[in-house]
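J.: Next up is a structure, given as structure tokens.
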Amino acid sequence: MQRKIRLTPVRLLVLGYLSVIIIGTLLLIIPFSSKITGSASFMDALFTTVSASCVTGLIVQDTATHWSTFGQVVILFLIQIGGIGFMTVVYTILMLGGRKIGLKERTFMQEAVSAPTLSGMGKLTTTILIGTLAFEALGAFVLCFRFVPDYGWGEGIWISVFTSVSAFCNAGFDLMGDKTGKYSSMTAYSGDPIVCLTIPLLIIVGGLGFFVWKDIKDNRFRFRKYELHTKLVLIMTAILVIVPTLVIMLAENDLPWKERVFSSFFTAVTPRTAGFNVLPLSGAGSVKSVTLLLTIILMFIGGSSGSTAGGVKTNTIAVLGLSVISLVRGKRSVECFGRRIDETNVKNAAQFLTIFLTLIVVGAVLLCLFEQGNSLWPDDPEITGITVTESVFEVVSALATVGLTTGVTPQLTLGSQIVLCVLMFLGRAGCMTVMLSWKTPSAPAAELPMEKVRIG
């Protein structure tokens, strides 16, 4: 007799993202989704859909030059769904439809946003929606002051809205391809204060997380009253913005002073985890090696839990860092701001970091294997294969749902594109979430004898 498969919150979350990917792919395959004659290839549509719904930003076709207005609207909706979360959209539809939200729906929503309790799900959903739309509208309004004078009212407003949503959702998609060159991102605005301040601020706010918003909203700016999670996120965010900005300013010392300041701030923020860039990452005039290395580190860390960002998350790094400090100080428990962090949190952080690193290693090895003999640079066909730096950069960018690239993504083979699609999905749905979706309940095993293992 076959055992009935139970639809757990974790499984529903995974199936939800897969459903969005399938629908998005079918919409982008439609001929009028593309500007070119005929329909887009299945792989181009799939890769773009996965990247948009997983708010990554890696692309194999330039968004502005390849996709029609309809295709761009589809991509924008995929970004928005991916940013606020599939279950948030479902929960909102149920509330607007007047349906009573039961325990089952609240449990699904709790799992989707990593909420600590079931209480206040309706209020949290409202905060997420209103906050998201408000910040995106404000960002679009400010960006209009730059893009409307450059491209006219209609196109300028559309670019502003698209860019604002993409930035807030930490997606990194842009519509600059037919204006400043294919795959150029925001490089034409490297010294522009409106672009270089608005986009990073949207990325930061989106990457703080919905629980941080709620905590700040409830307690205003009284830091002492914030939850430990909020305190750690705010401190880590400040460190990961200020320190990299100063390092990049020192590294990119050949830029004019104004461009150097704004570009350094932009470049320090966007790897966590939106794929915009104002400084070229490859080719002539590309960033220095230290900036590239710092970008990989920032992509790896990402934003905070319960946000639109990816990566291992700032709070994960904070918990592991505090664990090391406690070890050095000889303390038995991990403590911070007068609170003791649950040992399960420390264990989960270590497990998540291990899974993340394992996926990076496996992904980088697969890319190196698939790209053997492949010419990634059309201007120099004699150069074949992918370097270790390029493979690690692409893999971290995909898994952390960043979207930055050293320029090799459009030329990757089918095998490498599939690897990146899988990594983007795992990065957005959550590595541990996907693994837990396969877990089946089992009878508790007998407790085995304990034995110590030598470490280090």
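Any Cβ shown, glycine's included, is placed from N, Cα and C.
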J.: From the ranges 155-173, 383-401, pick the one that TrEMBL records as transmembrane segment.
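T.: Going through 155-173, 383-401 one by one, TrEMBL flags 155-173 as transmembrane segment.
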J.: Before we move on, state whether the transmembrane segment (128-149) and the transmembrane segment (349-370) share at least 3 Cβ pairs under 8 Å, counting only pairs 6 or more apart in sequence.
T.: no
J.: Taking pairs 6 or more apart in sequence, does the count of Cβ pairs under 8 Å between the transmembrane segment (194-213) and the transmembrane segment (349-370) hit 3 or more?
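T.: Between the transmembrane segment (194-213) and the transmembrane segment (349-370), contact is absent.
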J.: Residues of the same chain, at least six outside the transmembrane segment (349-370), with any C-beta under 8 angstroms of its C-beta?
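T.: Those are 300, 312, 316, 319-320, 323, 385-386, 388, 391-392, 394-396, 398-399, 412-413, 415-416, 419-420, 423, 426, 431-432, 435, in sequence order.
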